[in-house]
Each structure stands twice: as C-alpha cells, then as structure tokens.
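Remarks on the structure that follows.
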Amino acid sequence: MIILGIDEAGRGPLSGPVVAAGVILDQDKIIDGLADSKKLTEKKRQSLYQQIITHAKAYTIVEISPQQIDELNILQATLKAIHQVANNLERQFDKVLVDGNKLPNWDYNSEAIVKGDSKIIEISAASILAKVHRDNICLEHDRLYPQYGFAKHKGYPTKEHLENIKKYGVLDIHRKSYKPVQVLLNE
C-alpha cells in the first residue's frame, strides 16, 4: 500500500504562512533518522530535508498566506493546505495519513493520527519538510525585516516578538486575526 503522509507547520506563530507538506517515500530508499521534526536539531532537520527531497517517490509543499489565514481562520486554512497537498499528489497513493485529529472533507481513503509525526515515517518526513520550509521563510523575513528577530523566534509570540511589533509596527506578514496582533493594532 502506498502511503501519503501529511503534516503542517506554523499554526501558532503570529506571522508568516501555515505550511503543509506531503511525502510518499520510496520503499527501496531507506532514510535513517526520520522523527518528529520538533525533536530534531536544526542541523539534523536540514540534512534529512535534503535526503527526503532527493529520495522520496513524491513530495509537495503548500503555503497558505497570513491573509488567507485571517480570512478563513487557522483551522480552515490548515485543512485547505492539507487538502491541496493531497490534490497535488492525486492518484499516486492508496491512503493518506495526516498528523493530528482532523481531516478535510474529502473522498480520499484517509486517517488522522494523533502524534503521527512520531509514529509514521511518511508523516515524520512531511513534518520535516514543512518545518524546514517554514523556517526558511522566517529566515527570509529576518533578512527583509532584521529589527523583528524572525530568525530567532520564527514568528512565535515571544516577548521579544511582541515588543518588536509594538516598537516597529504590524507587517503584512503578520496574522491580523490573531489576538496579540489585534491588541497591538488597537493600541
């Protein structure tokens, strides 16, 4: 049975896109060290990212913008990204396994698996692609807006990030529907 593993990264940050990735592994090419991306060092994630995109049978990465997140809400934006991942790889898999407890409304043979990123290697691989891709976007944001410190906090609502929004203002990459950003917009 050919499995498509899907995971997302970036639901909690105040800025940047939510990213979903899907991976179909080549059963003849074993990738050692696949695990939940949050449990790996940045260096290990980068190394595995390269191995996954080189050796996977197929993969895709989908971004949903902060503007779409604000329009839809984060849950619907995440489900939209997951659905788009499956559509991008349509007819290449027998079953979809998604990390978490919710599935989009679709006709695919699928299952949501809580903590799937630490149980299913296809989901682990997707977790790594989504996390590294999103972290790279944050590094680009840091290059464009160095005073905000995106390389450090990756958009999460740290004390430093909130202070920098207060000091320098809300950017287009910020999620205006998120309460901490709304509070700062209304000050």
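Glycine is treated like the rest: Cβ placed from N, Cα and C.
Feature annotations, reproduced from Swiss-Prot:
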BINDING   Asp7, Glu8, Asp99  divalent metal cation binding site
DOMAIN    1-187  domain 'RNase H type-2'
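The 10 Å shell around the Cβ of Asp99 (divalent metal cation binding site) contains 25 further Cβ atoms across the protein chains shown.
Sorting the binding-site residues Asp7, Glu8 by the number of other Cβ atoms within 10 Å puts Asp7 first. Within 8 Å of the centroid defined by the CB atoms of Asp7, Glu8, Asp99, the record's divalent metal cation site, lie the Cβ atoms of Ile6, Ala9, Ala20, Ala21, Ile82, Val98, Gly100, Gly116, Asp117, Ile123, Ala126, Ser127, Ala130, excluding the listed residues themselves. The domain 'RNase H type-2' (1-187) scores a mean pLDDT of 97 in the predicted structure.
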